[in-house]
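**Q** The domain 'ABC transporter 1' annotation in Swiss-Prot covers 158-431, and the record cites sequence analysis as its basis. The annotation ATP 1 binding site is assigned in Swiss-Prot to GLY191, PRO192, PRO193, GLY194, SER195, GLY196, LYS197, THR198. Taken from Swiss-Prot, the feature domain 'ABC transmembrane type-2 1' covers 509-721. The annotation transmembrane segment is assigned in Swiss-Prot to 527-547, 559-579, 614-634, 646-666, 670-690, 756-776, 1198-1218, 1284-1304, 1311-1331, 1341-1361, 1372-1392, 1422-1442 (among others). The domain 'ABC transporter 2' annotation in Swiss-Prot covers 852-1104, and the record cites sequence analysis as its basis. Look at Swiss-Prot and you will find GLY897, VAL898, SER899, GLY900, ALA901, GLY902, LYS903, THR904 tagged as ATP 2 binding site. For 1177-1391, the entry in Swiss-Prot reads domain 'ABC transmembrane type-2 2'.
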Amino acid sequence: MDREVHRMASLRREGSMWRSGGDVFSRSSSRFQDEDDDEEALRWAALERLPTYDRVRRGILAVSSEDGGAGGEKVEVDVGRLGARESRALIERLVRAADDDHERFLLKLRERMDRVGIDYPTIEVRFENLEVEADVHVGNRGLPTLLNSVTNTVEAIGNALHILPNKKQPMTVLHDVSGIIKPRRMTLLLGPPGSGKTTLLLALAGKLDKDLKVSGKVTYNGHGMHEFVPERTAAYISQHDLHIGEMTVRETLAFSARCQGVGTRYEMLTELARREKAANIKPDHDIDIYMKASAMGGQESSVVTDYILKILGLDICADTVVGNEMLRGISGGQRKRVTTGEMLVGPARALFMDEISTGLDSSTTYQIVNSLRQTIHILGGTAVISLLQPAPETYNLFDDIILLSDGQVVYQGPREHVLEFFEFMGFRCPARKGVADFLQEVTSRKDQGQYWCRRDRPYRFVPVKQFADAFRSFHVGRSIQNELSEPFDRTRSHPAALATSKYGVSRKELLKATIDRELLLMKRNAFMYIFKAVNLTLMALIVMTTFFRTSMRHDRDYGMIYLGALYFALDTVMFNGFAELAMTVMKLPVFFKQRDLLFFPAWAYTIPSWILQIPITFLEVGVYVFITYYVIGFDPSVSRFFKQYLLLLALNQMSSALFRFIAGIGRDMVVSHTFGPLSLLAFAALGGFILARPDVKKWWIWGYWISPLSYAQNAISTNEFLGHSWSQILPGENVTLGVSVLKSRGIFTEAKWYWIGLGALLGYTLLFNLLYTVALSVLSPFTDSHASMSEDALKEKHANLTGEVVEGQKDTKSRKQELELSHIADQNSGINSADSSASRKGMVLPFAPLSISFNDVRYSVDMPEAMKAQGITEDRLLLLKGVSGSFRPGVLTALMGVSGAGKTTLMDVLAGRKTGGYIEGDIRISGYPKKQETFARISGYCEQNDIHSPHVTVYESLVFSAWLRLPSEVDSEARKMFIEEVMDLVELTSLRGALVGLPGVSGLSTEQRKRLTIAVELVANPSIIFMDEPTSGLDARAAAIVMRTVRNTVNTGRTVVCTIHQPSIDIFEAFDELFLMKRGGEEIYVGPVGQNSSKLIEYFEGIDGVSRIKDGYNPATWMLEVTSSAQEEMLGVDFSEIYRQSELYQRNKELIEELSTPPPGSTDLNFPTQYSRSFITQCLACLWKQNWSYWRNPSYTAVRLLFTIVIALMFGTMFWNLGTRTKKQQDLFNAMGSMYAAVLYIGVQNSGSVQPVVVVERTVFYRERAAGMYSAFPYAFGQVAIELPYIMVQTLIYGVLVYSMIGFEWTVAKFLWYLFFMYFTLLYFTFYGMMAVGLTPNESIAAIISSAFYNVWNLFSGYLIPRPKIPVWWRWYCWICPVAWTLYGLVASQFGDIQHVLEGDTRTVAQFVTDYFGFHHNFLWVVAVVHVVFAVTFAFLFSFAIMKFNFQRR
């Protein structure tokens, strides 16, 4: 090869002798010759003389005047240190407009490589006889109810031990598929939902789940998956957008680029520079700088990042945070592009992209796919892209098509032959139908008939298997088989094509990148750390004033109080680490994604999260120790002060590491919040304070020796009590006071135990961090979803595959309905005509047709700080600029515009869904001013994010919506019939028993969730319906089903408005009118679409300079293209201004004027009540839904009961028979310790584990309340009331086990008091957890606030410092501390009436309980009432918070 390159270079040198002096090597270098710039030539010559290593790191950069230099000045730069500004300016010069300049830029790159004979590496992917099978539960067994979860767990263990049969049924996901993916060709993967597209992409990318049964093989250039690293050779781009919300778009992509590295670009560049020097070729400066900069790894912001931002159209939002549910960020379409860009910045040569166009308008999709096509064709990549609804022009960009259906390859080969194959099978694509849409529908039993074209033969359903068999005999299929029979010649594989190293950059670089990201996130989450520090400061001030030195003496009695103060310091610091739990779990989904993509190993993630927390630990612990140490009156020695500080630092680190480890093992908020308190409880109970070491049972003593708290307790106690303050010798004893106190509690008395304790804590810190790293290395992301299918869906799948008619299928009815409704585009066909009455049956419950008109509507928000920092002086950012229009009954309106045009914003404003910002303008409903309370009753809003309760079924979701939104006059039977009609209409009947689940985690697929969202609104029978992106995320067939549903809804006389991104021709032409907006929030066309889009085309073609539409081109795509910002700039026009001066605008103004006046004889909307159903019905419905939600949420309900059983058995065995011993004071302390630990820790677990459940349901509540389904109180009632029976079961389990094992006195009264106090204690803790969520915006802050109060309750519980010994200024708090009342009730009911005298004391047990703790037996009834009051108060505050605070930002 080198000889060949040398020969080419020689030929070029010889040829240059007889050319006319010009440079023959490159068009791009002619400018270099023409300029005749001596200084530049000298600079280049100097560069050429550098060694290759230095030469590839330096280049000549043109600095334009706006970048700080003189116009066009050339400067020599180190490309490894190219600034962000220079990088962006360079990309702007190279790719000014992604549409026009991108191909030219790539051709320049290719030309430069071709001139010296260097090839880009290419990859051919082959898959042969690939079969993927999964085991699924069929029918109700797949629902995760409490019963099923127990049965499934027992069954799984039985299967593993081969003692029980496997009840799951095998389901083939991919059935014996074979094919070839060629380099330099774009392959489009099509298929209806459930056809196996994602599974095929994952198989090709080498990322299939280990639980699946896989046979067959996938090879890259003839190499098996085990011979290289597929995760780095190929990039799989998921359909789920998982990103860290606090990072900006640029930071997200830059981090990805930094981790993935530059691949073989550097080696290629070195070879290129060497050959160019030998051939005396001078490259284009900008191309040279780009190639050099893109080959330099380890940069915080790379030129490749700026390039990808540019071609994906993300440069406009590059410095905006990505955002999440609670943090406003970029739009859904932009987030989808970030997911794509995250992988494109890497060096992977093969791309497997899963539904990358969801949420994008068709012009943006076209631009992205076109950029990818240019890259693949010119630079020799390999790409398989799955798209849901590709527009015809996007479809035409692809070279090859793979059509999957029910796990079989129906067609794979050149795009040109696909229609030929289906005509060969007897099916033809209609004229105004997108080919991609036709392909996705033609294999479906319900849609196939309409495309039959053989008039000489009657139509008969052609099953998928028949298509697949026919394809093998079709000429395209035969040629693939022939090619597969010849093995790939491995000698043709470029050595740089397949990655063999596991990670893209060195370990040092990976660690540096993750440290930088962790620092950035700490800065963005500074509020959390400040909050924790303030929390600890307040806690320290309370502790300091509770254990006040002036009220405490150094004697044996107060020695116990000092021990309590030390234990509380340990407890506080330990609890402080608890917040790590929620913060860690929230970051894990993104971590698992990046780990599996081999961005970095687990240790590169865990080390920064540990090391960078250390300075914060110094601050937090410092705050506590510096405030409390001397004020409490601990030993005044400076060395002992710093030793206590050092020990608490080690404990805090150990605690944080422990909770990170638990989060890493649990991987789920509910599971982690269950096992977090369990570990705390185990360590505390065996730590030597609650139960003294001599009293620990011999079968539990091992627990004492492995509890970190026992080492901390020994170390902190010896540090204090061996000090000078405690050195006096007691009369009649030969040991110091300090040693005497230590001995009385079974604590070691040698000074060495401080160092042993410190060493143990540091050892545990290392151990837990190591275990956390191991957990994150080996565990997969948490999923509680078991693969399941309904029986109907399985039968339907089988029928589609084989053609066998399934018994009981309502085939005739549904096919007749489908055929009636098939041609959406035809406004006069089955959709609008009388024969569609069958499909409208049930959609005609009585309602009043209403119009909505709006005039000069403006919406603004406070100017973001980032924009103010850039010098913008206005106080507000205007998002809608005086928008006017109207929507009428029976008219289907499309609200369109490019991403960022303000479509969803306008819809939110009109629907009254905005929670912030400033709204101006006039909005009227049938002429009357809009009132949100009544408007919510007659309107429906289908949100883009499909938000539903995850633990109910599809049918239950619809029942709930209809129950609360249909008026009470509609009886139960009519309601059920109506629900069945809607389910039939939206094709959800086969999914009626399917669990909804969480998006991207479990339950329904994207398109099924979308249909459910629409059905939930349709069952409310609204007059006006808003739909935000109803077809986003759906394939062509599902989109057609949805649009038929929408069309039918309009035909009943309702007003329907849809925002829509990338409609196909037939979907677009199903709309009657179009409301088109441009970026910036202004309308540019409001009017009819017309037959075959004639009116729309006529309007825009009438504007000077607008290009005419090509035959067969999608009008929606054409319209977005000709009205883009780039076109406005090129034509020098403002489309919004043209619209305002048009006749159409005047007609619309007159229409708005007419609709703004109430019709004669009409009355304003008025309802006797705010809600459709009575308050009682709302409460019952909410309770009904929560009942199902809890029953099917075993990760919360079952885990909590399991936790309770474990704790009960642990406590029962730990405090075995201690209840019968009441002879000594220590016996009472031990018994009280068992009560104290149980109350505090089981209570905390209940409080913590309910929070994630409430957070998920609160998001659903925001949607349902906005829809006017119910008020806040019934929701709160349902959430609170459903806990009562579950907590009753929990109390009985705990109470019976513990009461009998500890051996408390068996009398009916004492046992019932014990159960009563435990029940209400668990209730108030659970309601307190709910209240914390209600008062805070997210889980993390709720966890921090909760733990703050747990600490205060712990302090004033009366266990660490009895109420009579608390300083008078804090004693009042005991009366409002719930835990203090619980201990009062438990201790007084068990011991307050025992009259025998204590050993070594003159008092009876009852007197001691009264004197020492201040507990009176005759006060029990008051204590009981207070317990009820606490539970009711927290439940009420939860209701109040839910009613008053809305943390959703819209």
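Every residue, even glycine, has its Cβ placed from backbone N, Cα and C.
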**Q** List which of the binding-site residues GLY897, VAL898, GLY900, ALA901, THR904 have their Cα within 10 Å of the Cα of SER195 (ATP 1 binding site), in sequence order.
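**A** Cα filter at 10 Å returns nothing.
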**Q** What does the structure give for the C-alpha distance between ALA901 (ATP 2 binding site) and PRO193 (ATP 1 binding site)? Integer Å is fine.
**A** 30
**Q** At a Cβ cut-off of 8 Å, and with pairs 6 or more apart in sequence only, do we get at least 3 pairs between the transmembrane segment (527-547) and the transmembrane segment (670-690), yes or no?
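**A** With fewer than 3 qualifying Cβ pairs, these stretches do not touch.
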**Q** I'm trying to understand the geometry here, so how far is the Cα atom of THR198 (ATP 1 binding site) from the Cα atom of SER899 (ATP 2 binding site), in Å to the nearest whole number?
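**A** About 26 Å separate the Cα atoms of these two residues.
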**Q** Around GLY196 (ATP 1 binding site), which residues of its chain at least 6 apart sit with Cβ under 8 Å of its Cβ?
**A** VAL132, VAL173, LEU174, LEU404, ASP406, GLY407
**Q** Cα of PRO193 (ATP 1 binding site) to Cα of SER899 (ATP 2 binding site): how many Å, rounded?
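**A** Taking the Cα atoms only, PRO193 (ATP 1 binding site) lies 26 Å from SER899 (ATP 2 binding site).
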**Q** Neighbours of the ATP 1 site GLY191, PRO192, PRO193, GLY194, SER195, GLY196, LYS197, THR198: Cβ within 8 Å of the Cβ centroid, same chain, sequence order.
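**A** Other same-chain residues near the ATP 1 site: LEU404, SER405.
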**Q** Average pLDDT across the domain 'ABC transporter 1' (158-431)?
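**A** For the domain 'ABC transporter 1' (158-431), the model's average pLDDT rounds to 88.
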**Q** Using a Cβ-Cβ cut-off under 8 angstroms and a sequence gap of six or more, which residues of the chain neighbour GLY900 (ATP 2 binding site)?
**A** ILE316, CYS317, SER331, GLN334, ARG1079
**Q** Counting Cβ atoms within 10 Å across all protein chains shown, which of the binding-site residues SER195, THR904 comes out on top?
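**A** That would be SER195, with the highest Cβ count within 10 Å.
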**Q** With pairs closer than 6 in sequence left out, are the transmembrane segment (670-690) and the transmembrane segment (1422-1442) joined by 3 or more CB pairs under 8 Å?
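**A** Answer no: the transmembrane segment (1422-1442) and the transmembrane segment (670-690) share fewer than 3 Cβ pairs below 8 Å.
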**Q** Might you list, by sequence position, any residue in that chain lying six or more from VAL898 (ATP 2 binding site) with a Cβ less than 8 Å away from its Cβ?
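**A** Same-chain residues close to VAL898 (ATP 2 binding site) (Cβ under 8 Å, separated by 6 or more) are ASP361, SER363, THR364, LYS1078, ARG1079, LEU1120, SER1124.
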**Q** Are there residues at least six beyond either end of the transmembrane segment (756-776) with Cβ under 8 Å to its Cβ atoms? List them, or say none.
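**A** Non-local partners: 591, 595, 602-603, 605-607, 610, 646-647, 650-651, 653-654, 657-658, 660-661, 664-665, 708, 711-716, 718.
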**Q** Quick one: give me the count of other CB atoms within 10 A of the CB of PRO192 (ATP 1 binding site).
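**A** Step by step: centre on the Cβ of PRO192 (ATP 1 binding site), count other Cβ atoms within 10 Å, giving 22.
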**Q** Checking distant contacts: for the transmembrane segment (646-666), what same-chain residues at least six beyond its ends satisfy Cβ-Cβ under 8 A?
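**A** 569-570, 573-578, 580-581, 584-585, 588, 606, 609-610, 613-614, 617-618, 620-621, 624-625, 672, 674-676, 679, 708, 712, 715-716, 719, 754, 757-758, 761-762, 764-765, 767-769, 771-772, 775-776, 779, 782.
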**Q** Would you mind reading off the Cα separation of LYS197 (ATP 1 binding site) from GLY897 (ATP 2 binding site), to the nearest angstrom?
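**A** Here the two Cα atoms are 30 Å apart.
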**Q** Of all the binding-site residues given, LYS197, LYS903, which residue's CB has the most CB neighbours within 10 A?
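**A** Compared across LYS197, LYS903, the most Cβ atoms within 10 Å surround LYS903.
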**Q** Report, in whole Å, the straight Cα-to-Cα distance of PRO192 (ATP 1 binding site) from LYS903 (ATP 2 binding site).
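**A** Here the two Cα atoms lie 28 Å apart.
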**Q** For ATP 2, what surrounds GLY897, VAL898, SER899, GLY900, ALA901, GLY902, LYS903, THR904 with a Cβ no more than 8 Å from their Cβ centroid?
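**A** Output for this site, in sequence order: SER331, THR905, MET1077, ARG1079.
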**Q** Which residues, sitting 6 or more apart from SER899 (ATP 2 binding site) on the same chain, put a CB under 8 Å from its CB?
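**A** Spatial neighbours, sequence-distant, of SER899 (ATP 2 binding site): GLY313, SER331, GLY333, GLN334, LEU360, ASP361, THR364, HIS1061.
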